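As recorded in TrEMBL, the features of this protein are as follows:
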type	residues	note
TRANSMEM	B:108-127	transmembrane segment
TRANSMEM	B:176-193	transmembrane segment
TRANSMEM	B:199-218	transmembrane segment
TRANSMEM	B:230-250	transmembrane segment
TRANSMEM	B:270-294	transmembrane segment
TRANSMEM	B:315-338	transmembrane segment
TRANSMEM	B:358-375	transmembrane segment
TRANSMEM	B:396-415	transmembrane segment
TRANSMEM	B:421-447	transmembrane segment
TRANSMEM	B:454-474	transmembrane segment
TRANSMEM	B:486-505	transmembrane segment
REGION	B:536-579	region 'Disordered'
COMPBIAS	B:536-561	compositional bias 'Basic and acidic residues'
Amino acid sequence: MIQFSHGATKQRLFSDLEKGALDVTAKPSRQGVLDAGIDKLSITWKLSSTAKKQANFTTINVNLCYAPVSQVDRPWRRTENELFKDKTCPHKIITRAYNKSSQSFKYTLDRDILTGTYFVHTYAVDAKDYEVAFGQSTNEAKTTNLFSVQAISGRHKSLDIASVCFSVFSVLALLVFFVNGKRKAKLEQSK
Amino acid sequence: KPERAKSKGLRRNKTHVLSQEERVFFSRLLGTIMAHHNEDEGSIGTSMHGVTAREQVFSFSVQGEDDGPSSHTVRFDDPTAKFALPVDSEHRATAFKPFSFAKPHMRAFHLGWISFFTCFISTFAAAPLVPIIRDNLDLTKSDIGKAGVASVSGAIFSRLAMGAVCDLLGARYGTAFLLMLSAPTVFSISFVSDAGGYLSVRFMIGFCLATFVSCQYWTSVMFNGKIIGLVNGCAGGWGDMGGGVTQLLMPMVFHVIKLAGATPFTAWRIAFFIPGFLQVIMGILVLTLGQDLPDGNLSTLQKRGEVSKDKFTKVFWYAVLNYRTYVLFLLYGFSMGIEMTINNVISEYFFDRFQLELHTAGMIAASFGMANFFARPLGGYASDISARFFGMRGRLWTLWILQTSGGIFCVWLGRATSLPIAILSMMLFSVGVQAACGAIFGIVPFVSRRSLGLISGLTGAGGNFGSGLTQLIFFSSSRFHTADGLSLMGIMGMIFTLLVAFIHFPQWGSMFFGPTSDEKKSKEEHYYAAEWTEEEKRQGLHEGSLKFAENCRSERGRKAASDGSSPSTPPENGNPAHV
């Protein structure tokens, strides 16, 4: 519960990572707003020609991350330089061992993905599970190649109907008691 | 053995046959003791009532003097004999027995505070679930903040109107109407799919917080002025607890529903049905078990012409003219207002800042609101104790100390970066601010006699206003981190609490100044009679105010005792038209 500083963990900063070490592309299965749980993303990643630290790469973590427009006025999704505090990437897509050749994965959007605008981001981690480098499917300003997802609403027709039934019951019960009470008072008065 | 008709219970010889009077006395004593266990029967006895000492006899009425039992003769058709608690001449209870459900008094107390408690649960039900709701509805911080403001704003108006509603319909229908007409708004959460819908529903649910007024109104007509401070403090505090209980209840219900198989985005909607059900059930209980007045229901009594009323325009005028009304409005805004704001933001704050589980954050947030159980009555009690020694000045200083310490601990809460310190500061903050609420209502009854009901309602509305204001300024935009918002709110609260120094009574003084030296104006009678015009005084309408003035001489503090005036008694709330 309490934030303990794990020494090295606390100091790991995003700005220390090697930029653009991996070329990542993410192609939605169709145009427009994608539906969570239904639509797919075709994700590919390969080592970039400008990469330098690839000797340390052991595993590649592929994540789904919020674009800035989905972070505006939402401090719980804030991008922080300290990696352990960073909240930009809520969803793990897949984790694969590092391979020099081009990798791909067809990702069906999870049902619990929230409504928002996203891009795909990959971290290259070393044997100690520390992030070393990253790559993302968008540019540095995170403005290109974004895609939107529409989450499930959580609403159900049965819930709506139950809600109406109970509401009507409440109002009717009140009216019945009220009218009854007035009638009794009138009867008492006329006695 | 001869019967001694005149014996007064003295043991003249070893065997003693009881006289008629002694039999009546002992049977009533027995009956009073038995009444504690069997208080549902309200039937009036037969003409042999009390003779065999086996009938259920209920307490006799309090005459006010210390009359010995043997000199007390009971008429068997005495209507007060049917009450489970001792009552005064208006049939208001003079004893407070919280473990009893006897009708009509204790039943009204319990129905009143539980209804208010239920409405607090509904109004703040969304708060602990905000981390889920904000994901489902794609809310921004401003959306959440605005909805929080909306949730407390509706009650500003409904609390003002509630006094009049209770006058018209009685406390029973007033409470039941609020509960059962706002239950549909709670159920309608299932239709919400965006920020606008969320805000509208929270706004509509918030209207039911007017049960504060109906609850205090109901207890005021049921309980005598000597104990009304304690009764209202308990009813208010225990009702306010709902804001804490909901932080625990809703995550638990949400978790159980998820276990039953629902997805999170459906589960939170179903969870709202629980407060909805509670409201409907309480509404039905109020209608079936409750009673407006000690003698019966309002419609019956009105037709008999027993209930008289003051003119609303006059009551309004004198409330508006009294500057203390506005001071109290603002003061309550920064005690109750801050408390309600915390109810809305604290769970999300702990969830985000300390990365806790939803139900853990809820548990911590709950302990804030639940401190009300003892904190608010404690504040009222502290106010009464300080009045015994220092009079009204003591009450004012007590209020200032409690509310300022609440503010200090609020600042500390915002600064806390570790969880144990945050919880400690939060608990101290909760006691300070909730006791301040109790202390404010230790002062409200003295501000006006004629307009007490309206001023109580206005003070209550001030609480909602303060809550809306603080949420709007500090928690609705990304300008402040929530932690900074908390600290700044504490500072703002402390600044506004300085207004206590401006409450001055000519007859009792204020925090820094003594009572006025003017011979005429330093009398309590002058202050309370000033609320009536000469014409009304000629008609004798101000008699109640004069009696009230006499009763509150204790607010002079120790000096009152040395003046030889009546012993320390809190004033009576006489007229049922006033809350």
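Heads up, the Cβ atoms here are built off N, Cα and C, so glycines get one too.
Bear in mind that TrEMBL entries carry predicted annotations, made automatically and left uncurated.
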Have the transmembrane segment (B:199-218) and the transmembrane segment (B:421-447) got at least three CB pairs under 8 Å, pairs 6 or more apart in sequence? no
Ranking B:108-127, B:176-193, B:270-294 by the number of C-beta pairs under 8 Å to the transmembrane segment (B:230-250), which range is first? B:108-127
Is the transmembrane segment (B:270-294) in contact with the transmembrane segment (B:358-375), using at least 3 Cβ pairs under 8 Å (sequence separation of 6 or more) as the test? no
When you look at the transmembrane segment (B:176-193) alongside the transmembrane segment (B:421-447), do they share 3+ Cβ pairs under 8 Å, ignoring any pair fewer than 6 residues apart in sequence? no
Would you kindly list the residues that approach the transmembrane segment (B:176-193) from elsewhere in its chain, counting only those six or more residues past its ends and only Cβ-Cβ distances under 8 Å? 115, 118-119, 122, 125-126, 137, 158, 162, 165, 169, 201, 204-205, 207-208, 210-211, 214, 269-270, 272-273, 275-276, 279-280, 282-283, 286-287, 290
Residue distribution over DSSP helix, strand and coil in the compositional bias 'Basic and acidic residues' (B:536-561): 21 helix, 0 strand, 5 coil
